[in-house]
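J.: Pulled the feature table from Swiss-Prot, pasting it below:
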BINDING   GLY478, SER479, GLY480, LYS481, SER482, VAL483  ATP binding site
DOMAIN    458-654  domain 'FtsK'
REGION    212-235  region 'Disordered'
TRANSMEM  25-45  transmembrane segment
TRANSMEM  56-76  transmembrane segment
TRANSMEM  88-108  transmembrane segment
TRANSMEM  136-156  transmembrane segment
TRANSMEM  157-177  transmembrane segment
Amino acid sequence: MAKQKQRGTKAKARRTIKPTLYYEIVGLTLFALSIITILQLGVVGKSFVLFFRFFFGEWYIIGVLGVIALSVSFVIKRGWPNLLNKRLIGFYLIVLAILMFSHITLFNLLTKDGAVQNTSVIVSTKDNFFLEMKKGPDSVHLGGGMFGALMFATCYFLFDEVGAYIIGIILVILGILCITNKHIGEVLAPVGRILRSQFQVMQGDYKDWRAKRTAEQTEKKKTTRSTRSKRATEQEEIIEPMEEISIDPPIISNFTENYPVNEQEDKRIEVEQEELITSPFIEEAPPVEEPKKKRGEKIVESLEGETQAPPMQFSNVENKDYKLPALDILKFPKNKQVTNENAEIYENARKLERTFQSFGVKAKVTKVHRGPAVTKYEVYPDMGVKVSKIVGLSDDLALALAAKDIRIEAPIPGKSAVGIEVPNSEVSMVTLREVLDSKANNHPEEKLLIGLGRDITGEAVLARLNKMPHLLVAGATGSGKSVCINGIIVSILMRAKPHEVKLMMIDPKMVELNVYNGVPHLLTPVVTDPKKASQALKKVVSEMERRYELFAHSGTRNIEGYNDYIKEHNNQSEAKQPELPYIVVIVDELADLMMVASSDVEDAIMRLAQMARAAGIHLIIATQRPSVDVITGVIKANIPSRIAFAVSSQTDSRTILDGGGAEKLLGRGDMLFIPIGASKPVRVQGAFLSDDEVERVVEYVIGQQKAQYQEDMIPQDVPDTKQEVEDELYDEAVQLVVEMQTASVSMLQRRFRVGYTRAARLIDAMEMNGVVGPYEGSKPREVLINDVQEKSS
C-alpha cells in the first residue's frame, strides 16, 4: 500500500515537471541546431542551410535568426509565443517584400544574360535549388527563395513588374506602421520637420553667400581701379602690393645635373682609351648556331634556282680590319657652371604667378625644367580656368619676364598643365659627343641611330632613321640646318661600317658636304650639279626596284628579312652572297633642285618616300626655303618626320610642321622635332659639331678604308643640247613664254604677227633647248623653266 502511494507521487511529480522541461529541451535543441546551421558544421549544418535556402534563398539567415528567437522564447517563457501579434506581422511583411525584391533583381540579371531556360519563376527557382544540391551550398544564386518566387509570380501575374515593385514598397510601409504602431502622419511628421529645418539652413547659407559675394565683387572692383591707376605710373608698383603673397617654391629640374663630365673624368677616359681603335658602338659577333640541315638545304636550293634574280651591285664584303671611330675624336663638352640660375628661376616663377593674378587667372607654377637654351615652367591652372586665357597672355608674360619671346605649350601632353618656355639668359652649348655618350645610345645593333641634341629636361634625343623612315629638315639661313645634317652623318659614320650603310649626298651649294668626298660609305662622289641630282635620284629609284625584285625571288618582305636569309645561306653554302646595306640619301638644298627640275625631282622623291622604307633606303631632305612650291603637299604627305629650325613667319612654320611654333625659336640649333606618330613637336637644342671635328672623323674613316664608288650609281654628264637660233624673235619669244607660263604656236602668231611656219620653228627651238616640253595634242606645251631661271641664264 505504501509502495503504491509512493509510485503515484512520483508519477504526479513527473506529470507536473514535464511541460517546462519539454519547452527548455526544445528551445536548447533549436538553438544548437541554429548555431550548427550558421557555421555549416557537418552534414546536418549543410542540410539545414539547404532547407532554409529553399524557402528564403540568399536571405536564409533571416529564417535561422527567427528560429533562434523562437528557441530563446521557449527557454525563457516556457511556452508558445504569440506569432501573430501586430509587430511580428509587420516584420513578416517587410521580409516578404525583401525576398520579392531580391527575386526580381535575380531574374532581371538572368534574363539579360539569357540564362533563364523556363518562363515559370517557380519552376526556375526549383531547378536552381536542385542544381545547388548537386554542387553544394552557396554555389547558385537563389534570390529570395521559394517565398520570394511565390510573391514575385503572384504580383507579376496580377500587376506586372512595375506593379510588383509598388506592392513591395506598400508592404514595407505597412510593416513599418505595424512595428511602430503609428499611422502615416505620425511617421512622416519627423521627416517633414527635418526637411523643413534643412531648407531653412540652406536658405540662410545662400543669403550669407550672396552677401559675401557682393562684398567681394565690390572689393575686387576697387582693387582693379587702384591697380590700373598704379600700372599707368610705373610697372614696379604692380608687384609691390603683392609682396605678401606666399608662393610655394617650384621644383627645379636642371639639365646640368645629368653631366658627370669634368677634367679628371676626361683624363681617365684618355688613359683607358690610349688608341683610337676601339669604339662603344662595336658589337661582339654572337656565336652563330648551326642551322638545321633541312632549312639549309632549302635555302641553298632556292638560291640555286633563282635564275631570274637580277645581279647584285653591292659586291664589297666586310672589311675585317675596319675599326669604328672612338668618341675621343669628338671634343669633350665644357663644364656647365651654375651660379645664381636657381634664384633667377624662382624670381621668374614669382613674376609669372603675379602676372596671372593681376589678370584674374588662378594658376600656380609647380615645376620648372631648365634646359640648355630655354626653361620650361609647368603651370597648373585652377578648375574653371580656360587654357585659351593663358595662351592669350603670351605677350603680357613676355613683357613681365623681359623675355625676347616665349612659347606656350597648351597643354603638355600627358599632363594637366600648361608649359611656358622662356629663353635662358645664356645658352649652354650641347655637343654631339655628350649626346652619343648617353645611355640612350647604348644600342650598337642600331646602325641608323642618329643623335639630334638634348630636350628641355636635359635628356639626350636620339632617333632611329629606319623607323622614321624619312626626315625633312627646314629652316631659315643660319638657324643650324647644316650643323644638324653634319651631326646626322657623323652619327652614322661613328656607328656603321661601309658594308652596313651606304650614303648618297646631293649638295647643290657645293660647300657643305664636299668634306665627305672619299668616305668609304659613299656610293658616288658628292653630287653638286643640280642637273645630275635628278639623275642620281632616279638611279636610287632603280636600285629600290632591284631590291624589291630580290625580295620577291627570296620570299622576304624587307631588308632585315633578306639579310637574315643571306646569313643562313652563307652558313650553309661555300658561295657567299653579300648582304644589302642601308642607303641614306641626303639632299642639302631641295629648293635649288626644285628650281632646275621640279617634276623629275618631285617624282623621284615621291616614289622613294612611298616605297623605299622596306628596301632600306631612307631620305634626309634639307631646305632653307620652306614654301609650298618647294615642300609640296606630295612630299609632306610621305615624309611624316620633320625638324623645323627658326623661321621668319608662322606661315613657314605651318608649311613645315602643319602648325605654328617654329617662328618663336631662338636659332643657333634651337629646333622643333616631330617624329612619326607624335601628336606635338618636341623642343630640342641641337648638338653642335665643329668643322674640325668633322674633318677628324672623315680623316680617320678614310684612313681605315678607301672609297669604292659604284659605277652604276654615278650620274652621267648631261649633254648640253642648246643650239644657237638665228631668228631674232627667239629671245623675245622665250621671254613671253616664261612670263605667260604657257606656249603654243597660235599664241606666238598672235603676239608677233608671224606666220605658222616661223612660229612653229620657234616652238621647236624652245623644245630643243629645254624651254618647253614636248607636244601633247590639244593641250598647251608645259614650260620647263620659270622667270628666275631665265634671268639667271
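Glycine residues also receive a Cβ, built from the backbone N, Cα and C atoms like all the rest.
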J.: According to DSSP, does SER482 (ATP binding site) sit in a helix, a strand, or coil?
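T.: Going by the DSSP assignment, SER482 (ATP binding site) falls within a helical segment, counted as helix.
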J.: Which one of these binding-site residues has the most other Cβ atoms within 10 Å of its own Cβ: GLY480, SER482, VAL483?
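T.: It comes out as GLY480.
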J.: For the transmembrane segment (157-177), which partner among 25-45, 56-76, 88-108 gives the most CB pairs under 8 Å?
T.: 88-108
J.: With an 8 Å cut-off on Cβ-Cβ distance and a minimum sequence separation of at least 6, pull the same-chain contacts of GLY478 (ATP binding site), or say none.
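T.: Correct list: GLY667.
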J.: The transmembrane segment (136-156): which same-chain residues, six or more beyond its ends, come within Cβ distance under 8 Å?
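T.: That would be 40, 46, 49-50, 53-60, 96, 98-107, 120-122, 124-126, 128-129, 163-164, 167-168.
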J.: Would you list the other residues of this chain near ATP - those whose C-beta lies within 8 angstroms of the C-beta centroid of GLY478, SER479, GLY480, LYS481, SER482, VAL483 - in sequence order?
T.: GLY475, THR477, CYS484, PHE645, GLY669
J.: Give me the long-range Cβ neighbours of SER479 (ATP binding site): same chain, 6+ apart, Cβ under 8 Å, in sequence order.
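T.: Spatial neighbours, sequence-distant, of SER479 (ATP binding site): PHE645, ALA646, VAL647, LEU665, GLY667, ARG668, GLY669, ASP670.
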J.: So what sits near LYS481 (ATP binding site) in its own chain, CB-to-CB under 8 Å and at least six residues off in sequence?
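T.: Expected: VAL473, ALA474, GLY475, ALA622, GLN624, PHE645.
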